[in-house]
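Take a look at the structure below.
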Amino acid sequence: MSHVMNTYARLPVTFVKGEGVWLWDDQGNRYLDALSGIAVCGVGHCHPVLVKALCEQVSTLIHTSNVYHIQHQERLADRLTSLSGLEKAFFCNSGAEANEAAIKLARLYGHNQGINLPTIIVMERSFHGRTMATLTATGNRKTQAGFEPLLTGFVRVPYDDLEAVNKVAANNREIVAILLETYQGEGGVNFPQANYLQGLRRICDQNGWLLMLDEVQCGLGRTGKWFAFQHSEVMPDAMTLAKGLGSGVPIGACLAGGKAAEVFKPGNHASTFGGNPLACRAALTTLDIIEQEGLMDNAVTIGNFMWEEFGRRLQAWQDVLKIRGQGMMIGIELPVPCSELVPEALKRRVLVNVTSEKVVRLLPALNMQKAEAEQVVTEVSALITWFLESRVK
């Protein structure tokens, strides 16, 4: 009997080794990983440059308290602010913690303006984490069920709907911020219209609100740029990161700029482990690998190849399928729930995920090569075809 709490419906496999885009189970079977730990291992499993850096750091210094200056933390803050155009960084251990920091920042920003009940606009079908604040911000009733009462201070609107935001702006004087995923992951791999972020930026500027972008899943090169918001040339007031930042070593970050950068003062927020030397060394090395190996360009090249190949191989089903993607973030929406494809893919030694009940989600490592990508497309296309032939008439 396992003594691990029953919080996951785990698949019947135990992985013991990883290299690049491959994993091996405890029986010696090899699997092609098209999920990369849900967008965590962006440079692949156990990249040799990362392994060397971590071994060196473990033998030098693992942790000190944030009551002291931490050299690698300062370096990482410099790097992330330089890449993003934001000004300050707070480090924590996960995406949920990063979003919790953003929510606290927005509330404090509101109180500093004399707003007694600061309220944040959030989106339907969003996912921001499982702490109480981020769970409340998340737009998924199944995830929230059983954890009521949820927190106050949030107003929900449809994603990619500027008119809905304008209606809220006209009727609620306690709004202080908008929090959304630049591209939605858990909600079904959804991408907004080209002018959406510009419209949100304009509304925020008109009302003195903060625009806060959750790039926990879509950031750090996955879409072909360092951050997904850079496709829209819109500057947020705050942005959250995690997942791919540490290549598996837990680290999250909340970045802020402009009027949001100086909101937090000593004592307002903290994290015991956040930004420790080991985690920051992992993040710095990850950024080096992405940059030096041209992985953002590779994400675009291989991502486009996969998107086009899926379209070609699944052409017979084009009337019932929706294929969405940017870089190494790809979703294939089926007309019916398809969660059974995940264990079927596992039998074929390919790791994929189904989100929002009907969307096959692929989040490969940014350094996946064409031959490996072609294998993923071949296996997944065959699975989808098999599934649809038995479900769709």
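Here the Cβ of each residue, glycine as well, is placed from N, Cα and C on the backbone.
What Swiss-Prot records for GLY95, ALA96, PHE127, ASP214, GLU215, VAL216, GLN217, THR272 is pyridoxal 5'-phosphate binding site, and it gives sequence analysis as the kind of evidence. According to Swiss-Prot, the feature N(2)-acetyl-L-ornithine binding site maps to ARG130, SER271, an assignment based on sequence analysis. If you look up Swiss-Prot, you'll see LYS243 marked as N6-(pyridoxal phosphate)lysine, on the strength of sequence analysis.
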Compute the C-alpha separation of SER271 (N(2)-acetyl-L-ornithine binding site) from ALA96 (pyridoxal 5'-phosphate binding site), stating it in Å without decimals. 13
At the level of the C-alpha atoms, what whole-angstrom distance separates ARG130 (N(2)-acetyl-L-ornithine binding site) and ASP214 (pyridoxal 5'-phosphate binding site)? 14
Are there binding-site residues among PHE127, ASP214, VAL216, THR272 that sit within 10 Å of LYS243 (N6-(pyridoxal phosphate)lysine), Cα to Cα? If so, list them; otherwise say none. VAL216
Least surrounded among the binding-site residues, given as ALA96, VAL216, when other CB atoms within 10 Å are counted: ALA96
Within 10 Å of the Cβ of ASP214 (pyridoxal 5'-phosphate binding site), how many other Cβ atoms are there? 33
Provide the number of Cβ atoms within 10 Å of the Cβ of the residue listed as 'N6-(pyridoxal phosphate)lysine', excluding the reference atom itself. 28
LYS243 (N6-(pyridoxal phosphate)lysine) falls, by three-state DSSP, under helix
So if I draw a 10 Å sphere around the Cβ of GLY95 (pyridoxal 5'-phosphate binding site), how many other Cβ atoms end up inside it? 25
